[in-house]
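One structure, pasted below without further comment.
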Amino acid sequence: MRTVKVFEEAWPLHTPFVIARGSRSEARVVVVELEEEGIKGTGECTPYPRYGESDASVMAQIMSVVPQLEKGLTREELQKILPAGAARNALDCALWDLAARRQQQSLADLIGITLPETVITAQTVVIGTPDQMANSASTLWQAGAKLLKVKLDNHLISERMVAIRTAVPDATLIVDANESWRAEGLAARCQLLADLGVAMLEQPLPAQDDAALENFIHPLPICADESCHTRSNLKALKGRYEMVNIKLDKTGGLTEALALATEARAQGFSLMLGCMLCTSRAISAALPLVPQVSFADLDGPTWLAVDVEPALQFTTGELHL
């Protein structure tokens, strides 16, 4: 018999996380613990209001399948009974973790993947004044970060970006607008970013406005985040985006994430691996995707005042495995 525990946790941040759609001071996560024959498997998710999720709705979704879980629900069956999203993610990752622990293997070994000893991860520069953002970028660079992800909204774009690039002339920069821009003026903004040597622009437009990217000539790659959840989205992204950001909370777990990675690459997309504000538990579950991606943005746990134990080993801009 398999037992199931489901609970919420709130992890305070050491610094407010400010993006185009608001500011957060804590990471709220939902955790699933499965136990079978004395072995425990754990999965974590971060409910996201942008996708119509709350802690309560995700908990309810998880509780709705507890009877099946107790009877031995498999990962394959899970994909059919819950939609992609945070709830399925926590369950899917708990099932993967349980399987790995039962085999006394790491998750990567179970899947047959070799992980690097060190992963270069983006460090996030959150929204602030141009000077604040430049200072943040400079501090991160001096501490060892080589890849910086700059959060922008619809204001002071050139001022912020010029200040940042002046502060860190040699850093690799990617920019995330979190759907805050509009099609009007996008070409000029893309050119500005390209002129500043920005490596990639993530989700400039609201997902429902993606048609504006059709036949849009742009001088740097554009990555789909809010527009890409599962393999079912890929057809609509073709010709509009060059890259997709895979997050387990969007795919509904590692099972669909691995399938999405394979299919996206087969269709010519580059990959980014992202995360929500989360603990090391959530990052550990996503690690098997690392060898396939061009950019890893896994700094969620580094925003926490205290991480879960045992925590992954982060230094500024790097994750050590």
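Even glycines carry a Cβ here, placed using N, Cα and C.
As annotated by Swiss-Prot, substrate binding site applies to Thr124, Lys149, Cys275, Asp297, Asp299. What Swiss-Prot lists as active site, proton acceptor is Lys151, Lys247, and the listing cites similarity to another entry. The Mg(2+) binding site feature in Swiss-Prot is assigned to Asp176, Glu202, Asp225.
Context for these features, please: burial, neighbours, distances.
Taking Cβ-Cβ distances under 8 Å and a sequence gap of 6 or more within the same chain, the neighbours of Asp299 (substrate binding site) are Thr121, Ala122, Gln123, Thr124, Cys275, Phe314. Under DSSP, Asp299 (substrate binding site) is assigned to coil, being neither helix nor strand in the three-state scheme.
Counting only residues at least six positions away in the same chain, the Cβ atoms of Val18, Ile19, Ala20, Thr124, Val125, Val126, Ile127, Asp176, Asn178 sit under 8 Å from the Cβ of Lys151 (active site, proton acceptor). In the three-state DSSP reading, Lys151 (active site, proton acceptor) counts as strand.
DSSP assigns Asp176 (Mg(2+) binding site) to a strand segment in the three-state reduction. Neighbours of Asp176 (Mg(2+) binding site), defined as other CB atoms within 10 A of its CB across all chains, total 25.
In three-state terms derived from DSSP, Lys247 (active site, proton acceptor) belongs to neither a helical nor a strand segment and is classed as coil. Counting every protein chain shown, 24 other Cβ atoms lie within 10 Å of the Cβ of Lys247 (active site, proton acceptor).
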Excluding Thr124, Lys149, Cys275, Asp297, Asp299, which residues of the same chain place their Cβ within 8 Å of the centroid of the Cβ atoms of the recorded substrate site?
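The answer, listed by sequence position, is Thr121, Ala122, Gln123, Gly274, Leu298, Gly300.
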At the level of the C-alpha atoms, what whole-angstrom distance separates Lys149 (substrate binding site) and Lys247 (active site, proton acceptor)?
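Lys247 (active site, proton acceptor) has its Cα 16 Å from the Cα of Lys149 (substrate binding site).
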Show, in sequence order, which residues other than Asp176, Glu202, Asp225 on the same chain lie with their Cβ within 8 Å of the centre of the Cβ atoms of the Mg(2+) site.
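These residues sit around the Mg(2+) site: Lys149, Ile174, Val175, Ala177, Asn178, Leu201, Gln203, Cys223, Glu226, Asn245, Met272, Gly274.
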